[in-house]
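As written in TrEMBL, here are the features:
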type: ACT_SITE; residues: TYR51; note: active site, proton donor
type: BINDING; residues: HIS105; note: substrate binding site
type: DOMAIN; residues: 23-263; note: domain 'NADP-dependent oxidoreductase'
type: SITE; residues: LYS76; note: site 'Lowers pKa of active site Tyr'
type: TRANSMEM; residues: 281-300; note: transmembrane segment
Amino acid sequence: MALEPVILNDGNKIPPIAYGTGSKMKFHDITQYIEQAIEVGFSHIDTAVFYQTEKYVGRAIKESGLARSELFVTTKYFQGVSVEKSVRKSLTNLGLQYLDLYLIHQPRVILNLVKTWNEFEKVQQDGLAKSIGVSNLVNVEQLEHLIKVSKVRPAVNQILLHPYNYHEMKPILDACAKYDIVVEAYSSLSPITTYPGGPVDSPLKAAAQRIGATPTQVIFMWVRAKGAVIITTSTTKAHMEEYLAIANLPALTEEEVASIDAAGAEGPPSDFVSRLCGNKMTLAVVFITMLLVYRCFGLGRMGY
Ligand SMILES: NC(=O)c1ccc[n+]([C@@H]2O[C@H](COP(=O)([O-])OP(=O)(O)OC[C@H]3O[C@@H](n4cnc5c(N)ncnc54)[C@H](OP(=O)(O)O)[C@@H]3O)[C@@H](O)[C@H]2O)c1
């Protein structure tokens, strides 16, 4: 059984789980992993100019021998060159005539977001991308301004989303729901990969036991419960199969989703470094304390 596709606001369909070629995969020849992912059953592949993996995606697609319509390919524009030039280069790298989805990777590095978006609208009009969207656009006012001044609304917003940042992301999630923009969640396995041993582990384990799943699968079911598309990755066949097997699992109950939300709101585990880095206030207090110690004890005169 495969997961039902999600319908975008432009009428196109998107497979709800994607194989990503960024994060630890970027800047590497990962052709073999992409080939494996396609073989295992991923039909949605996520790449970006910034990852420098487009040509490996292109190679794996060619090797797969699949018809173009059987794959959904996303890439992302970064900055510097014109959108038109960049999208044509991406298509050449990928060996494709069109993209299924083209995203602005990082709005914060784009000098004029509205102008760039207008160029995206042209890319869609010209048939070079079926759907267009944004990524990392987490400022609600910025999103609303873009919608107000544009002809085409973004179909997708790809953002960092996991149980520990869900509350922080709630305003942008609500805005995306309001404007019928599909959220794509990346790094949603953070409770396992980055913050193991935190409050979310317990509700994940309980739900996993009830539905006969792994905590990884429960996180992905949580992402689906939030209506978001999963953007993940793996270098192992076993994990790839584990991810896709969520298609055969029952949905989480409202109570299970609520208990993951509540545990996530408690924040990640009390690892000193992650708390220090994640909390600007603590960082400021530590910095001021160090400054005072430095001044009081005259460490600056010791010749270091
Ligand atoms: N738009 C953006 O700015 C942006 C930013 C970041 C990422 N992305 C996209 O999202 C994709 C996925 O990002 P992500 O890698 O952060 O996603 P993720 O789904 O949170 O994590 C995937 C990683 O989890 C590991 N993993 C799976 N099960 C595990 C387990 N039980 N224990 C420990 N590790 C486990 C996998 O390692 P194995 O290889 O061992 O399976 C893999 O490296 C990227 O490739 C990229 O396409 C987009």
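Note that the numbers count up from 1, one per residue, in the order the chain is shown.
Each residue, glycine too, has its Cβ placed from N, Cα and C.
This view paints the features noted in TrEMBL onto the structure.
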{"residue": "TYR51", "record": "active site, proton donor", "CB count, 10 Å": "23"}
{"residue": "LYS76", "record": "site 'Lowers pKa of active site Tyr'", "CB count, 10 Å": "26"}
{"residue": "HIS105", "record": "substrate binding site", "CB count, 10 Å": "20"}
Whole-Å Cα distance, the residue listed as 'active site, proton donor' to LYS76 (site 'Lowers pKa of active site Tyr'), is 9
Pop the Cα-Cα gap between HIS105 (substrate binding site) and LYS76 (site 'Lowers pKa of active site Tyr') into the table, whole Å please.
-> 5
Given the model, what does the mean pLDDT over the domain 'NADP-dependent oxidoreductase' (23-263) come out as?
-> 98
If you run the three-state DSSP split on the residue listed as 'substrate binding site', which class comes out?
-> coil
Under a three-state reduction of DSSP output, how is LYS76 (site 'Lowers pKa of active site Tyr') classified: helix, strand, or coil?
-> strand
